[in-house]
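All remarks here apply to the structure that follows.
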Amino acid sequence: MTDILNLTYEELEAFMTAELGEPRFRARQVWQWLWQKCARSFDEMTNVSKATRARLAEKAVITWPEVETVQKSADGTTKFLLRLADGALVETVLIPSASREGTLRITQCLSCQVGCAMGCTFCSTGTMGFERNMTMGEILGQVLVARAHLGDSRPDHPILRNLVFMGMGEPLLNLNEVMRSLRTLNDEFGLSFSPRRITVSTCGIEKGLRELGESGLAFLAVSLHAPNQEIRKRIMPKAAHWHLDDLITALESYPLKTRERVTFEYLLLGGVNDGIEHARELVRLVSRTKGKLNLIVYNPAEGDPYDAPTPERILAFEQYLWSKNITAIIRKSKGQDIKAACGQLKASELQRGTASAGADAPED
């Protein structure tokens, strides 16, 4: 059976004509039902004939991720633990904000892999190891779940406004499925997200970086987190295989649209990378590119190897960057009371499962 959410529009058109003998326009109808109207069954597609719906049901399925757990923070952040068809667990987070007019807007943080191979020492997902890549249908299934949860059914006035590939996994290590997802997101008859409302975040992987830039399908964010190669090797051991200086050199010629800048994500770890000496090194790096900085205050979970920086060090770090004409914004951590940082909810769920299994095990 073909999972129809894994098909690009061109693939769906070929499937409808070759497998079902339908005219090409039928693919457009099905496509709009899948992505604009969030249909979970072929029976919902009321402008498609019953005979065609029956043939679709014989040869294809529509597989959404199943919602395993939902947690809502006091600040409105909502985190989902989703179960995929093979039982794998991934996370997605909805982060609320308000427009200047006070209208609710939601940013969704998307996962693209089950687990992660990068092994970043500050990240809960990194401690889980890598299981597999997610398919396009699984990646975009997170968006469908979010829209259904929000009752977001008006493409002309969407509640879900922005998407960030900053969840579980490294996007450039699942480049093919991420690029397929971006094309479907950009499709005006599909999910219809402007590239300016999508950001792909990478640890700094050489392979695929240029292809992403030349596609023009999304903005780029780089999870920098280290002002020099020594710290990069310590806290981001896999990413450090591509030397920090080489990464910045590649970003100097990264294709950018008018008024577009690379966003550097910098996680402030207490006593590790949050000193003025680190800020000086960071200025030298970022000033080589057309970029801006998002400063993220570390949100430690129980048993984590790092501490949050002090408010004094955070302020001094930010002020130094501004004094050197580097745009730096402190990004407030949301959802701290529901383990909203990447991988924390899944890690908690796995620990609970292990504890339950141990409690139920027969005694020797």
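Quick reminder: no glycine exception, Cβ is built from N, Cα and C everywhere.
Note that this is a predicted model, so its numbers are computed, not measured.
Annotation source Swiss-Prot lists active site, proton acceptor at GLU91, citing sequence analysis. Marked as domain 'Radical SAM core' by Swiss-Prot on the basis of sequence analysis: 102-337. Residues or ranges marked as disulfide bond in Swiss-Prot: CYS109-CYS342. For CYS116, CYS120, CYS123, the entry in Swiss-Prot reads [4Fe-4S] cluster binding site, with the evidence type sequence analysis. Under the heading S-adenosyl-L-methionine binding site, Swiss-Prot lists GLY169, GLU170, SER201, SER223, LEU224, HIS225, ASN299, citing sequence analysis as support.
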Same chain, 6+ residues apart, C-beta under 8 Å of the C-beta of HIS225 (S-adenosyl-L-methionine binding site), given in sequence order: CYS120, PHE122, ARG232, ILE235, MET236, GLU265, TYR266, LEU267, LEU269, ASN273
Whole-number Å value for how far CYS116 ([4Fe-4S] cluster binding site) lies from ASN299 (S-adenosyl-L-methionine binding site) (Cα to Cα): 19
Rounded Cα-Cα span from GLU91 (active site, proton acceptor) to SER201 (S-adenosyl-L-methionine binding site), Å: 16
Among CYS109, GLY169, GLU170, which are recorded as recorded positions, the nearest neighbour of CYS116 ([4Fe-4S] cluster binding site) by Cα: GLY169
DSSP-derived class (H/G/I helix, E/B strand, else coil) of LEU224 (S-adenosyl-L-methionine binding site): coil
Cα-Cα distance linking the residue listed as 'active site, proton acceptor' and GLY169 (S-adenosyl-L-methionine binding site), given in Å to the nearest integer: 10
For S-adenosyl-L-methionine, whose listed binding residues are GLY169, GLU170, SER201, SER223, LEU224, HIS225, ASN299, the greatest C-alpha pairwise distance in Å: 20
Proximal residue to the residue listed as 'active site, proton acceptor' among recorded positions CYS109, CYS123, GLU170, SER223, LEU224 (C-alpha distance): CYS109
Collapsed DSSP category at the residue listed as 'active site, proton acceptor': strand
Surrounding CB atoms that lie within 10 Å of the CB of LEU224 (S-adenosyl-L-methionine binding site), all protein chains: 28
